[in-house]
Amino acid sequence: MKVSSTNSGRRLVIGVPFLWLTLFFLLPFIIVVKISLSMAAVAIPPYTEVFSYANEQLQILFNLSNYLFLAEDELYLAAYLGSLKIALISTLLCLLIGYPMAYAIARARKDLQTVLLLLIMMPTWTAILIRVYAWMGILGNNGILNNILLGIGLIDTPLQILNTDTAVYIGVVYSYLPFMVLPLYANLVKHDPSLLEAAADLGAHGLTSFWKVTVPLSKNGIVAGCMLVFIPVVGEFVIPELLGGPETLMIGKVMWQEFFSNRDWPVASALAVVMLALLIVPIILFNRNQAKALEGKL
Amino acid sequence: MKRFGFSNLMLVLGLLFIYLPMVILVIYSFNASQLVTVWGGWSLRWYGGLADNTQLMSAVLRSLQVAFFTALAAVMLGTLAAFVLTRIPRFRGRTLFGGLVTAPLVMPEVITGLSLLLLFVAMGQLLGWPAERGLTTIWIAHTTFCSAYVAVVVSARLRELDLSIEEAAMDLGARPWKVFFLITVPMIAPSLVAGAMMSFALSLDDLVLASFVSGPGATTLPMEIFSAVRLGVKPEINAVASLILLAVSLATFIAWYIARRTERSRRLALQEAGANEVPER
């Protein structure tokens with residue numbers, strides 16, 4: 001369809017969302033990079049200016065000390081590695097749990113499919129904070145899970161689950177599982193059953209045709225699901241803060257502390273820039289995949 | 001046939017895993033005991049106290065206000081973005097535009113939150129606006145983030161539409177904006193409702209973005225809950241949390257129901273109109 005019968009109308013339609021996203025999504029990143037090159041100062045706002053103009057001279061002071069600071073302090077390296085590890089393992093867990101679920105939904109009766117899909121989708125819209133909070137009551141030392149286990153005599157002393165990495169894994173898989181199932185379902189439901197019949201005619205049954213036909217065909221769904229889980233989990237703050245313990249090092253939590261407790265905006269910005277640098281490849285991968293999906297090429 | 005059994009079992013277990021914690025939370029919100037993990041019989045005492053908690057109630061009002069305006073703006077912005085992506089095949093900066101629309105879906109919230117805050121601070125210094133951060137800045141942050149979700153939902157619908165209807169209207173001399181509002185919008189209405197509901201829920205739930213870009217006196221409900229929850233599980237919070245779960249599930253269900261019913265009646269109408277001419281799929 002041609003929208004361009006009036007050129008100014010077309011420009012307006014493209015321009016409004018483009019301008020908004022550039023101003024409130026793209027431009028802020030450039031400012032983060034700028035602030036990460038400034039110095040912390042006791043001032044409002046609490047950093048020094050990178051550009052200054054005095055005596056007809058434009059002074060640009062790049063201060064790399066924030067990045068050097070990050071490289072020297074082992075805490076930050078450990079936090080990045082911790083985030084990547086937790087994100088990687090939970091993505092795998094989500095895939096292992098989510099794939100069979102998506103598969104079962106895609107194979108269900110048509111009217112059952114919409115209900116199951118709603119059941120999966122509802123939590124993605126509902127209060128992550130509250131659902132994580134629900135786990136605090138379950139996993140605590142005198143929580144519901146420990147009470148049950150003690151009650152049936154399986155354990156003698158309460159298990160320490162809350163405030164450990166285990167609780168973080170439970171919380172992350174729990175919160176992000178729907179984000180894995182939805183793209184996988186969207187992909188699996190489009191598969192042509194005649195392909196599996198053809199594979200069966202050629203002698204491939206059960207697991208063989210599943211591995212050789214279904215899994216390769218669902219590659220785009222797997223990529224989309226994994227990216228939807230992995231990327232946000234790397235920067236996750238709420239789950240490690242509420243369910244994790246002192247030994248849970250995740251970069252989102254460290255950045256939050258740098259910003260809100262230490263009020264060191266430049267170091268927090270440098271942390272964000274490095275996090276973004278780590279995530280840029282997965283984000284581009286996701287965007288390509290998503291752009292194709294948006295245009296209906298997948 | 002073993003594989004079918006396995007995947008169905010996983011589906012049941014997965015759904016239990018997703019819903020059991022919420023059910024437990026709601027049950028324990030009716031616990032009479034002051035001790036959150038000891039069952040002391042059924043009671044409504046924690047719900048009764050909520051209405052008197054003025055701090056909490058004003059946070060609820062603020063959150064509802066932001067969520068309402070976010071839903072409104074995100075639907076407009078997201079629909080425009082979806083329209084551009086599905087109907088305008090070529091323009092300068094299209095790849096960048098596509099990236100800007102989808103990136104907020106996965107961008108860690110701490111990064112988006114910090115970067116938006118720094119933008120608002122820089123704008124405040126340079127332009128004098130926003131002089132103070134508060135509900136408006138939270139609204140801008142939420143709108144940006146939610147419009148990405150709307151764009152995904154709406155563009156899926158726009159892609160399915162039969163272009164010939166829009167083209168026919170255009171051929172008959174209707175101006176593009178008229179075609180859009182009289183033909184396209186009614187056909188994508190269910191996905192607009194779904195997008196609005198989604199944005200409303202996402203905005204109501206957001207803690208991280210709001211914490212960064214909020215200002216004095218603009219504490220939203222999640223911020224209020226978070227500061228209470230940090231210190232541990234509390235019976236009052238169980239009650240608030242259950243009410244939020246109820247409200248959002250209800251909104252989601254209504255959105256889904258509306259979308260489904262419209263879809264069904266549209267199919268029926270098509271079948272009746274086309275009888276034999278319209279193929280079933």
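Placed from the backbone N, Cα and C atoms, the Cβ positions cover glycine too.
Per TrEMBL, these features apply:
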TRANSMEM  A:12-37  transmembrane segment
TRANSMEM  A:77-103  transmembrane segment
DOMAIN    A:80-286  domain 'ABC transmembrane type-1'
TRANSMEM  A:115-136  transmembrane segment
TRANSMEM  A:167-186  transmembrane segment
TRANSMEM  A:222-245  transmembrane segment
TRANSMEM  A:265-286  transmembrane segment
Considering pairs 6 or more residues apart, do the transmembrane segment (A:115-136) and the transmembrane segment (A:12-37) have at least three CB pairs under 8 Å?
no
Which residues, given as numbers and ranges, are at least 6 beyond the ends of the transmembrane segment (A:265-286) yet have a Cβ under 8 Å from it?
29, 32-33, 35-40, 45-47, 63, 66-67, 69-70, 76, 80, 83-84, 223-224, 227-228, 230-231, 234-235, 251, 254-255, 258-259
Cβ contacts under 8 Å made by the transmembrane segment (A:222-245) with residues that lie 6+ beyond its boundaries:
83-84, 86-88, 90-91, 94-95, 98-99, 128-129, 132-133, 135-136, 139, 162-165, 167-168, 170-172, 175-176, 179-184, 187, 215, 251-253, 255-256, 275, 278-279, 282-283, 285-286, 289-290, 293
